[in-house]
Amino acid sequence: MPEPTKKIVSAFTKKPKTQTAEIGATFIFEAETEKPDVKVRWQRDSKDISSSDKYTISVEGNKHSLTINNAVHEDAVGYAVIAGVSKVKFELKIKELEVKELQKAVSPDPAAVDPKPEEPKEPKEAPPAPSESTAPDTSGPVLDVVAPEALPESHHPDTRQDLTGLFTEKPYSGEVNAGENISFVARVCGESLLKKPTVKWFKGKWMDLASKSGKHLQLKEHYDRNNKVYTFEMHVIAAKLNFAGAYRCEVSSRDKFDSCNFDLVVHEARTTEGFDIRSAFRRTSTDGGDDSGELDFSALLKKRAVHMSTEPDVDVWEILQKAPASEYEKIAFQYGITDLRGMLKRLKKMKKEEKKSAAFLRKLDPAYQVEKGHKIKLQIEVANPDAEVKWLKNGQEIHPTGRYIFESVGNKRFLTINNCTLADDAAYTCVVGDEKTVTELFVKEPPVLIVRNLEDQMVMKGERVEFECEVSEEGAQVKWEKDGVELTRDESLKYRFKKDGCKHVLIINDVTKEDCGHYRVKTNGGQSFAELMVQEKELEVYQSIADLTVKAKDQAVFKCEVSDENVKGIWYKNGVEVKPDARTNVTHIGRIHKLTIDDVKPEDEGDYTFVPEGYAFNLSAKLNFLEVKIDFVPRQDPPKIHLDCMGRTSDSTILVVAGNKLRLDVPITGDPAPTVVWTKGEKGSSKEEESHPEPRHTWTVKNGEVLTDSDGRVHVESTKGHCIFTIEGAERQDEGVYSVIVRNPAGEDTADINVKVVDVPDPPEAPRILSVGEDSCVVQWDPPRFDGGQPVIGYVLERKKKKSYRWMRLNFDPYKDTTYEAKRMIEGVAYEMRIYAVNAIGMSRPSAASQPFVPVAETKEPEPEAPPPEEPAQEASAEAPVPLAEEEAAPAPPEDGASPAEAAPTGQEEVPSAEVAPPPQPEPEPEPEPVGTPTSEPIGLCVDDISDTTISLKWRAPERMGSAELEGYGVEYCKEGSDEWIPAFSGLTERASVIIRDLPTGEKMQFRVRAYNMAGPSAPTTLQQAVTIREIMQRPKIWLPRNLRQTLIKKVGETINLVIPFQGKPRPQVTWTKNDELLDPKQVSIRNSDADTILFIRRSERKDSGKYDVKVQIENVEDKAEVNIQIVDLPGPPQNLKVMDVWGFNVALEWKPPKDNGNCDITGYSIQKADKKTMEWYTVYDQYRRTNCVVSDLIMGNEYVFRVYAINMVGLSPEPCLSKDSAYIQKTGIVYKHPSYKEHDFSEAPKFTHPLVSRSVISGYNATLSCSVRGIPKPKITWYKNKMDITNEAKYRMFSNQGVLTLEIRKPCPFDGGVYMCKAVNSSGEDIVECKLEVRQFLGITLNYDKLKCVTRADTNYLRNHSRTESGRQVSKFPYTMMTHSPVCTSDGADIKCIL
């Protein structure tokens, strides 16, 4: 059973959820991480949030919270919390009721509200609309804007905010039924604006709605002086279907700008059945795109009192046909027809009378449509079958090519366009004489789909990002956008666009935090989104700044080193930025930042801080000014140490976590300043030794001195009133009793400080597997030897599959016991376990992995005696499992009859403590019972190879593997006649083959193999008979590889490595020769083994070409093979390049092949030219095969030189062959003289180039007569039979194709024989050609077939064998029609007469 798929573990154990807020309320979003030291970021609309009056961010251990104070409508956006690679999104929603109340509070005049909306669908109040003198007619119901949560994703408003953010409220997308009203409201805060902002409303991309204000559209604006808010409204009255689409509101004020997109969806109202002609010419585009239909404001152009007729029986077309052209516009407005242009076009077609064409029987359709890549056939029928037809595309004549095919079948003419492209979208014209027919071809391009979508990415600041997608068609155009704004290739090369076939890549170099956002790629058939998150690089501190104590006139240097050399920083003194001056110098070289203060003065004393730019931490140190004072009145006070607690009690012990900084600041007094001596005694000394401890380390400093240990960890400093002892990065060996002694001439004082270093515990020992079940195991371990100075509060367990590298945690809370039952494992799969110890400081390193084990179901055999009832069941189960070991530590195969327990490995790394030192118990532990069933015996054991001292065996895996995984195989051998089986090697092997060495020569021996699994060894499989250890003679044979059976071609300098396998026993002698001579070992390396020989040449040369012979020989028996090697090189330059002739703009060149062809054929030449003025070379011909060429299209007045390269399979020759002479292209005269010539008369009388040929045909078969004629102009052809015109007779068909004339006679009979004549006539003359046609009949056939009633296709073979003519001759051949048509048969007794 396969292991179930595991989900990716999130970094959050508790995730924030979406909440619904009220205006003015405070909301808290909480999140908990798995680890307490994880860095968490909060985002609003993909932008990071920092603590401020609006937002409060707090952290307590692994708990993180975001507090939003005084929620307003603008806070109703998307939020996110990020920890590592985990990101959780959530939202804050504002109740709609509160939003409307806020709108009412901002609106200046809420009185103008429609009190009686007509049948509203929902019990909602209409939104307030300010009343003015130009208030719209609100007789229809007014629908409020739909909230963004209630709209589908495609209709969400554009909530993107620019840096200015002028909008305080943006208009939302809305839906309305046709004929109803809807309003859109936008508000702008005017506190920061010096003048009134300018607002524009657009439909689509370009239509400014300010000029469309009228009956159906009204724009209003108000200003609330109390709140300083500008309100802009757009009212749509009696909405129509063509009002639907995309709208945009733009607001601008000096250098500030903001915009918002929203959509209007108009649903079609229910209408009565029936078709109204006037609706066909009303624009009703509702696609909502950029090119959507315009709003119908044509009725507002002129104010007329027009009566809107709704009578259904009025025929508008009849009125238009009778009315004059000046009344068309009035009638269109009266009957609601807005598409005036379409109405006029249709009216023009109705009035136009079609004229019957004399040249066309059938014209082209008005338009055709075809999909891109398909083919289309345009068809016409002409009245004259001999008429010439021309096809035009956009007025240009089309010539037959592979894509354009012309066909002529009778009166029909066809134009076929194969593999249509967008370039074929054009107007096509067919011209016959003076008449033409026109059609338009529309090529439909299939939508470009996105096959592979974009993927979200999270990168570090400064890295390069690539967004890649794949579309369905090569060369397709895509558009990239970031947060709805189209991306372009700017001057800074911030964005790069790469196209590779169907792949499109957006490359962003050196990303910054501003590049975070949502990226979108759009095609005409779809779009794909992806999010980019940019994280700041963590700055590491390699060297922190240290406290300094300096004297007057000395120099103070603060120095620190960080991981990023590009990071800048600012130095502060007591919170005030330090400015460089004559004494203060700030430097930044690479990763090192320095602050140098020369000639230190008392006012320089203070706290100095270095703050890296862009990072939320700092480095601090203190500068102490050492002032030397001279007291004229000597005064001596004994030194005194002032500590709150001293001694070694638990209450006075100082705890420090390993790795942290230990700082002991001891206040002291004394005059003169005492000398301070710090000593560290032995850890855990006895009470008797406390009075006289033996210090291991001693540090002595005088007043104002700073002492640093050799390793830089210990700093001892003595200042006025304090002695400070500091250890950087405390370690476990730093634990102990520290004594401080202060002395001066007046006396001394001593104090002891007990320091205890606590750390994470040591890892536990490798766990032991006590028992296993079908899908579980019981694991036990010992506590760690050192608990880190704090009690162990529990353990964390992990397991993994043996062949995997991924550990899976079994518990997240510390487990207190040292025995654990792990479940939900897969039976038959090997697992490993490891343990972590946890104390108050943290988690230890993992223990060593346990021995591999396999969960299997226990299958116990019945025992003869039941175990005693008082014996615990856990003891028996604890000894049941047999841990798996690696191949090196696998147990040796047991002897026959040995139990699995006796065959257990003895060399394992860890042995349970019960086996090493068993506890004193009177009763021995019960023997472990076998778990599962062993495998079946291996199959197919045979001898693969044998020599005087070795044997190679191979076999196949067992057919039945049992209930546990196969561990390996054990191989044993014994001499013939002996029962003592000896293991061939220690441990097991996983392979199904083995080589056993050091066997006695000539001895007969027997071999056997066992398979091992957790249940023990299988039954052995043995060779059928004993084997004598002696090498068998084998004839030498060379197995030449297939690639060496033909000439091996290598380039000069390449490595040659020929591996030729062979066979033969004993090992044959190998000899290599080249051209019947032995090889030079300095040039060629030969390596021989038992199974192959290798010829190796490190760098091949031309002289290495030739025939190589290899011979293997055993005594007088040998085998040979030969290998041909060809070393090729670049060719030499061609020879003797000459300029043979110069005429017009052409130059004739000629050259000879190179002397050195590079040991291979010359495949071509590369010819180049250069103008002597610039000497820039351009290739004229490449891979040119001849040794002469003509260079054309040269420039008049220039002088050219030429060169030629030779090309072979290696490449171009290193040096070209240059022409000795140059070619000068002469200039012609300035005045062009038109050549005088006599116009040629191309007219020609008809002449038959191929005459008619007299023929004799068989009755009933179609016959053709062919001839060819030429003449200018094209002659008229007439056919005659016996001087009678047969042009209009249905029995004959005439064809004319490029001057070839054909007359087809359908199934001629003897009556059709005679003299046929073809006559060609044109304005220059005529010509006649004639022939005779004879039509023959078949004679009757007498068949000697008594039983034949009629002849069918099935009797054809019999007719061939038995038919006879009247002369008695057998008929062996029959015409084809006899096999397809039944002949007419008559019977007159025994014989049958068939008339064919």
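Glycine is treated like the rest: Cβ placed from N, Cα and C.
The feature region 'Disordered' is assigned by TrEMBL to 104-143 (among others).
What TrEMBL records for 115-125 (among others) is compositional bias 'Basic and acidic residues'.
The average pLDDT computed over the coiled coil (337-364) stands at 72. Residues or ranges marked as coiled coil in TrEMBL: 337-364.
The domain 'Ig-like' annotation in TrEMBL covers 370-432 (among others).
Here TrEMBL flags 446-540 (among others) as domain 'Ig-like'.
For 554-609 (among others), the entry in TrEMBL reads domain 'Ig-like'.
The feature domain 'Ig-like' is assigned by TrEMBL to 639-754 (among others).
Residues or ranges marked as region 'Disordered' in TrEMBL: 675-698 (among others).
Taken from TrEMBL, the feature compositional bias 'Basic and acidic residues' applies to 680-697 (among others).
Taken from TrEMBL, the feature domain 'Fibronectin type-III' covers 763-862 (among others). Broken down with DSSP, the domain 'Fibronectin type-III' (763-862) shows 0 helix, 37 strand, 63 coil.
Residues or ranges marked as region 'Disordered' by TrEMBL: 856-942 (among others).
For 874-884 (among others), the entry in TrEMBL reads compositional bias 'Low complexity'.
According to TrEMBL, the feature compositional bias 'Low complexity' maps to 895-916 (among others).
Taken from TrEMBL, the feature domain 'Fibronectin type-III' applies to 937-1032 (among others).
Here TrEMBL flags 1036-1124 (among others) as domain 'Ig-like'.
Feature annotation from TrEMBL assigns domain 'Fibronectin type-III' to 1133-1228 (among others).
Using DSSP to sort the residues of the domain 'Ig-like' (554-609) gives these counts of helix, strand and coil: 3 helix, 30 strand, 23 coil. Counting Cβ pairs closer than 8 Å and at least 6 residues apart in sequence, the domain 'Fibronectin type-III' (1133-1228) and the domain 'Ig-like' (1036-1124) reach three or more and so form a contact. Ranked by Cβ pairs under 8 Å to the domain 'Fibronectin type-III' (763-862), the stretches 370-432, 937-1032, 1036-1124, 1246-1334 are led by 937-1032. Only pairs six or more apart in sequence are counted, and the domain 'Ig-like' (1246-1334) with the domain 'Fibronectin type-III' (937-1032) gives fewer than three Cβ pairs under 8 Å, not enough to call it a contact.
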